[in-house]
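Some features that TrEMBL has for this protein:
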| type | residues | note |
| --- | --- | --- |
| DOMAIN | 44-511 | domain 'Amino acid permease/ SLC12A' |
| DOMAIN | 553-674 | domain 'SLC12A transporter C-terminal' |
| DOMAIN | 683-883 | domain 'SLC12A transporter C-terminal' |
| TRANSMEM | 42-62 | transmembrane segment |
| TRANSMEM | 74-97 | transmembrane segment |
| TRANSMEM | 118-139 | transmembrane segment |
| TRANSMEM | 178-197 | transmembrane segment |
| TRANSMEM | 204-225 | transmembrane segment |
| TRANSMEM | 265-287 | transmembrane segment |
| TRANSMEM | 299-322 | transmembrane segment |
| TRANSMEM | 342-362 | transmembrane segment |
| TRANSMEM | 396-415 | transmembrane segment |
| TRANSMEM | 421-440 | transmembrane segment |
| TRANSMEM | 461-493 | transmembrane segment |
Amino acid sequence: MWLSDLRGVKLQALMVFSGLLSRKLGHEMDFFKTNEVKSGTLMGVFIPCLQNILGIIYYIRFSWIVGMAGIGESLVLVAFCGLCTFLTSISLSAIATNGAMKGGGPYYLIGRALGPEVGVSIGLCFFLGNAVAGALYVLGAVETFLNAVPAAGIFRETVTKVNGTTVEPIQSPSSHDLQVYGIIVTILLCFIVFGGVKMINRVAPAFLIPVLFSVLCIFLGVFLAGKNDPTEGVTGLSLESFKENWSSDYQMTNSAGIPDPLGKVYWNFNALVGLFFPAVTGIMAGSNRSASLKDTQRSIPIGTLAATLTTTALYLVSVLLFGALATREKLLTDRLLTATVAWPFPAIIYVGIILSTLGAALQSLTGAPRLLAAIANDDILPILNYFKVADGSEPYFATLFTAFLCIGCVIIGNLDLITPTVTMFFLLCYAGVNLSCFLLDLLDAPSWRPRWRFHHWSLSLLGASLCVVIMFLISWSFTIVSLALASLIYYYVCLRGKAGDWGDGFKSAYFQLALRSLRSLGASQVHPKNWYPIPLIFCRPWGKLPENVPCHPKLADFANCMKKKGRGMSIFVSILDGDYHERVEDGKAACKQLATYIDYKRCEGVAEIVVAPTMSEGFRGIVQTMGLGNLKPNIVVMRYPEIWRRENLTEIPATFVGIINDCIDANKAVVIVKGLDEWPNEFQRQYGTIDLYWIVRDGGLMLLLSQLLLTKESFESCKIQVFCIAEEDSDAEGLKADVKKFLYDLRMQAEVIVITIKSWDTQVEGAQQDESMEAFTAAQGRIASYLSEMKATAESRGTTLMADGKPVSVNEQQVEKFLNTTLKLNSTILRYSRMAAVVLVSLPPPPVNHPAYFYMEYLDLLVENVPRLLIVRGYRRDVVTLFT
């Protein structure tokens with residue numbers, strides 16, 4: 001009972017879904033009622049594809065192509081173009097059977113496989129191709145009408161010479177006649193389209209019968225030609241004509257295709273590819289009607305491939321028959337040879353051509369607006385919002401826009417100039433379908449399970465390559481223009497379009513590439529030449545930030561300064577205090593907010609939120625587990641807690657020192673930024689120097705950071721100064737020479753300044769009156785007071801000295817030594833680097849068994865009165881190398 005109910009629900013959902021799709025697609029075979037009978041493979045796919053493929057080119061250009069290219073090259077031409085569409089049909093079958101399809105036809109397939117940017121760019125080109133194809137069909141119908149009824153022409157052209165030989169006058173439709181009648185017909189067709197798809201569906205069968213009947217009449221006429229009252233130039237099926245027409249005879253023609261040595265158009269195989277290729281298009285007709293099919297997974301592959309093979313076989317047989325039917329002169333001068341030889345009389349062919357081409361034009365003017373509306377409804381490009389339509393509504397604005405494009409192409413009035421344009425847009429679409437199948441087949445994601453099994457990535461790649469080759473064979477200039485147009489649309493979508501995640505193949509490719517890269521990197525130590533900074537930006541502030549600001553704004557600016565030309569990745573981490581089960585939703589919301597803020601700051605990175613009982617526990621978990629393999633963060637970046645004493649935040653020293661110790665234990669480098677509020681953004685240019693106080697060996701991290709700063713516009717005008725400390729004056733010159741040689745080998749330009757211990761002591765003696773001495777005295781007093789409180793507490797409790805819940809050992813002489821060393825370094829920085837753009841100094845490790853409060857006093861004295869300072873500690877790994 002439950003299973004039958006479930007099936008009923010599924011059936012009802014599918015019926016409603018098909019109704020929604022049909023209102024979007026709007027083709028003549030669509031169904032608007034969920035209770036209508038669905039079409040099978042024959043009527044739903046095969047016949048519509050056959051009707052779209054077999055069109056105007058076959059009737060009024062095919063015999064001319066045989067006369068120009070000869071039988072041999074015509075066979076190659078048909079096989080070449082047929083192979084392209086056959087491979088595309090295989091790719092289409094695979095993608096179409098991998099799931100349900102929505103409105104938009106090939107745009108939907110390509111967009112969901114290659115992403116919204118590629119989908120929209122190719123989809124818009126395919127829309128233009130359909131709009132231009134509408135003009136192609138209109139001009140074909142008008143030209144056929146004017147040839148059938150010459151008296152209807154307002155302007156007539158008469159040709160009296162062919163290849164310099166005087167012949168009987170040949171009437172050719174004037175381009176002005178094509179323009180006038182073409183505009184009138186387009187406007188009439190637009191009125192029908194505005195009447196709705198239901199009106200078009202009622203007359204659809206009328207366009208199919210004349211096509212099939214006219215083809216039958218042509219074949220009957222070919223076999224009967226030359227036996228009763230033969231027409232001049234028509235020899236009937238003749239071996240002599242076959243031999244004469246086997247080779248090609250490329251020559252100059254006028255704009256109407258009549259051979260003329262003074263003509264302006266020269267034909268070759270490449271040009272004929274562009275002329276003939278529209279005769280093999282139309283393979284998307286079945287996939288566009290997926291909502292009206294009983295079994296999409298079965299009908300689309302069988303129907304599309306059957307139509308492709310049938311029309312290709314028809315063209316191959318027609319090449320042989322037309323080549324043996326008439327002389328070359330007749331093939332080249334009688335543009336409507338199919339009507340001339342048709343049995344019982346030519347009028348049938350004229351009527352058939354006109355009705356079939358008008359039906360195809362009606363399809364283009366009906367399908368192109370719905371394609372544009374489908375692109376607009378995906379809400380990727382805001383500029384297309386005018387063409388949005390509700391489900392079940394007619395796309396009137398899109399139809400009007402399509403009509404204007406069609407009329408513009410009709411005004412050109414030359415069928416042979418329009419067909420290459422149509423070919424380029426259709427080839428772009430076919431290449432997109434093949435590339436989509438190639439990517440999905442090659443990646444073979446778990447979701448890639450098409451019911452159509454006869455496909456392979458190599459066939460799709462060959463199909464895409466053929467499409468590109470054909471494009472360049474036709475016209476390299478048209479190809480460049482069409483690719484440039486698609487690229488411009490792609491760039492515009494990337495720039496202005498809204499982000500859309502459709503689970504496209506590129507995302508899968510990135511994922512697999514990332515997995516392979518991660519495995520290839522392994523877990524061994526990275527060579528210094530391949531070392532990249534992967535900073536872990538600790539966003540948790542030492543204090544409060546404004547509401548809805550999840551990270552200090554300047555931290556993102558500083559993270560960008562640690563990348564060369566934007567290469568690299570930052571991990572922004574924040575910690576929420578509390579129980580994970582209680583605050584899991586808060587964590588998700590905070591992560592989303594932080595990720596949005598990172599994008600807003602245009603910083604390449606990812607956001608992570610950790611819920612933990614305390615900040616220390618959360619950070620300890622982060623530093624142990626964050627990252628994979630060699631893509632773990634290697635530098636921890638955080639703000640210096642300048643506010644801890646001002647706001648009496650007594651818990652900060654223990655947390656801060658604990659984080660530093662965790663980084664040292666986990667072998668992570670540390671960069672602490674003091675003066676973060678004054679850190680420049682990308683528009684604030686800095687002048688002066690970048691000063692490095694190189695106290696301890698750090699693997700070259702401090703040097704590398706200074707070089708990365710110089711690559712940014714804000715610091716590119718600065719120069720680097722490296723300060724070193726020598727024990728004796730006699731060692732100064734040797735140390736300076738060694739450091740210069742080391743920097744030269746590292747390809748780094750910097751001025752080296754050596755400070756000796758003796759001059760350091762003299763400098764401090766002379767600094768008794770400066771601000772450093774005042775800070776030193778204040779620090780001594782606070783440390784003595786804190787130590788007295790510790791001793792009093794220990795005596796009252798009868799325990800050893802305790803700080804931060806742990807026993808400590810305090811050597812007062814060592815504390816004094818630390819304070820004096822820090823005083824000397826601070827005085828040196830203020831003497832030499834007061835006007836520096838930024839100062840980098842080595843971070844001393846926290847002394848073992850010292851209270852965290854003492855260490856904060858040391859650092860406070862070190863950074864006193866230095867406006868912008870980076871305190872850097874490297875790790876047990878070189879990040880620069882001397883060797884190439």
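Note: Cβ is positioned from N, Cα and C throughout, glycine not excepted.
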Stretch contact, the transmembrane segment (396-415) with the transmembrane segment (178-197), Cβ-Cβ under 8 Å, 3+ pairs: yes
Secondary structure content of the domain 'SLC12A transporter C-terminal' (553-674), with strand meaning DSSP E or B: 58 helix, 29 strand, 35 coil
Remote residues contacting the transmembrane segment (461-493) - C-beta distance under 8 A, at least 6 residues beyond either end: 80-81, 83-84, 87-88, 90-91, 116-118, 120-122, 124-125, 269-271, 273-274, 277, 380-381, 420-421, 423-425, 427-428, 430-431, 434-435, 438
Reported mean pLDDT - the domain 'SLC12A transporter C-terminal' (553-674): 86
Which of 42-62, 118-139, 204-225, 265-287, 299-322 contacts the transmembrane segment (342-362) most, counting Cβ pairs under 8 Å: 204-225
Among the ranges 74-97, 265-287, 299-322, the one whose Cβ pairs under 8 Å to the transmembrane segment (42-62) are most numerous: 265-287
Range from 178-197, 204-225, 265-287, 299-322 with the greatest count of C-beta pairs under 8 A to the transmembrane segment (74-97): 299-322
Distal contacts, the transmembrane segment (204-225) - CB-CB under 8 A, six or more residues away: 28-29, 47, 50-51, 54, 59, 231, 234, 236-237, 314, 321-322, 325, 338, 341-344, 348-349, 351-353, 355-356, 358-360, 362
